[in-house]
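Engineer: Per TrEMBL, the features are:
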- Trp54, Tyr146, Lys267, Gly301, Arg392: substrate binding site (BINDING)
- Gly114, Ser115, Asp238, His302, Ser303: pyridoxal 5'-phosphate binding site (BINDING)
- Lys267: N6-(pyridoxal phosphate)lysine (MOD_RES)
Amino acid sequence: MEEKRSLSERDQAIIWHPYTQMKTAGLPIPIVRGEGVYLIDENGKKYLDAVSSWWVNLHGHAHPHIAKKVAEQAGTLEHAIFAGFTHPPAVELAEGLLKILPPNQAKIFYSDNGSTAVEVALKMCHQYRSNKNQQRDKVLAFQHSYHGDTFGAMAVSARSAFTAAFESLLFDVEYIETPNAGNIDKLIKYLRENAAEISSFIYEPLIQGSGGMLMYEAKGLNQLIGTCRELGILTIADEVMTGFGRTGKLFASDYMEHKPDIVCLSKGLTGGTMALGVTSATQEIFDAFLSDDKLKTLFHGHSFTANPIACAAALASMDLTLSQETQDNIQRICAKHAAFALRIQNNPKLKAVRQTGTIIAFEWETGDDTSYFSSLRDNLYQFFLKEGIILRPLGNIIYILPPYCISDAQLDYIYAKIEQALDIF
Ligand SMILES: *Cc1c(COP(=O)(O)O)cnc(C)c1O
């Protein structure tokens, strides 16, 4: 029998999509191919992927170098149990990451995605205290934070519409403001007065992504991290979004003199090809788990820990990220964004224009309806889709977070369409 329904209709009959109200959602767009910055649907329509497919893609879609390395690895060793065993891609990737991560990072723990990288970081910190018989269990996070969708990661994220249904099951977290010249003294005073109870502090360095691409200065964060380290508060840099060049440097942590105890990576880690998470830690954290007492073991692991194909994708992506061409592209995008920000910043329809590195965000003036669920959001989303651009707004905030291979002409096209949208909406 010939299948008469379209791919989108077959999907809609049986698939439950993420962050999607299935009652009102339209048919999903059927993507059959990717090439450079474009996703291409079954009718050949091209979509410029200006948000790097939820912030994961670094070098464009179906990149031949990554594809080749993935294919080679799949034909050599697709997976092996990672307790008691190891393999070349896991070791080479750990060695490669430790060369570029902050110099105090010493050990690599693999998991599956950004949320699991955060879960592992939280468990490392909590068990560090218990292994050392310390009664410090308060966790600090920033207001408007986002660290993932599993329960621990939700707990350290800001309470919001996304966590509302689960609130009674989430552990308590102390939320502090992101630092600025006006509040830094107050924040440091708070840390000093409460340090005895505080176990750890988790933060998205410089940019709070899901919170609305909110940006803050390195100077205050550096002071906070320095104070935490002085007071023995463990610091977790969630670089799941900011890692691998997004902020203009390899890691956002590179902007700070004081370094975190733990770093979480995912998203761009494999260039956006495969799911993989990494939690790196200092020697000091690792050492707190060394014991003749088996109860001091870090009891965490996933079936696909250090999947060789995912590690091979990450190694291939790292070749590309560290190339001069990509480093030049990152600086080129930063400069283009800065020039566009200058041109557009006084537009009366915009409440704010923010840029950090390759990420630029535009906050629409909306009167009082500023919610994630506003109709402006849907109208902007549909407008850009029609123009062949994927720009998925966060409420009234549009942002560009592009693959690094995006050309000047492609950036100019997006800028022009944003200016057009500012005239219309
Ligand atoms: C996306 C994100 C996560 C969660 O990663 P997933 O792979 O989606 O689970 C965690 N932290 C930050 C900062 C993120 O942007």
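A Cβ is built for glycine as well, from the same backbone N, Cα and C atoms used for every other residue.
Just so you know, TrEMBL annotations never went through curation; they're auto-generated.
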Engineer: Taking ligand 1 as the reference, state which of the binding-site residues Trp54, Gly114, Ser115, Asp238, His302 have a Cβ closer than 6 Å to one of its atoms.
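Structural biologist: Among Trp54, Gly114, Ser115, Asp238, His302, near ligand 1: Gly114, Ser115, Asp238.
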Engineer: Ser115, Ser303: which of these binding-site residues has the sparsest Cβ neighbourhood within 10 Å?
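Structural biologist: Counting other Cβ atoms within 10 Å of each of the binding-site residues Ser115, Ser303, the minimum falls on Ser303.
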Engineer: Based on the record's binding annotation for pyridoxal 5'-phosphate (Gly114, Ser115, Asp238, His302, Ser303), what whole-number value in Å is the widest Cα to Cα distance?
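Structural biologist: Greatest Cα-Cα span of the listed binding residues: 23 Å.
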Engineer: If you skip the near sequence neighbours and keep only those at least six away, which residues in the chain come within under 8 angstroms of Lys267 (substrate binding site), Cβ to Cβ?
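Structural biologist: The answer is Trp54, Trp55, Val56, Gly114, Val240, Met241, Gly243.
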Engineer: Work out how many Å separate Asp238 (pyridoxal 5'-phosphate binding site) and Tyr146 (substrate binding site) at their Cα atoms, rounded off.
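Structural biologist: Counting only the Cα atoms, the answer is 9 Å.
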Engineer: Round to the nearest Å and give the CA-to-CA distance linking Ser115 (pyridoxal 5'-phosphate binding site) with Arg392 (substrate binding site).
Structural biologist: 21
Engineer: Using DSSP reduced to three states, classify Trp54 (substrate binding site) as helix, strand or coil.
Structural biologist: helix
Engineer: Using a Cβ cut-off under 8 Å and a sequence separation of 6 or more, which residues in the same chain sit near Gly301 (substrate binding site)?
Structural biologist: Phe82, Ala83
Engineer: Rounded to a whole angstrom, what is the C-alpha distance between Tyr146 (substrate binding site) and Ser303 (pyridoxal 5'-phosphate binding site)?
Structural biologist: 26
Engineer: If you count the other Cβ atoms within 10 Å of each Cβ, which of the binding-site residues Trp54, Tyr146 comes out on top?
Structural biologist: Tyr146
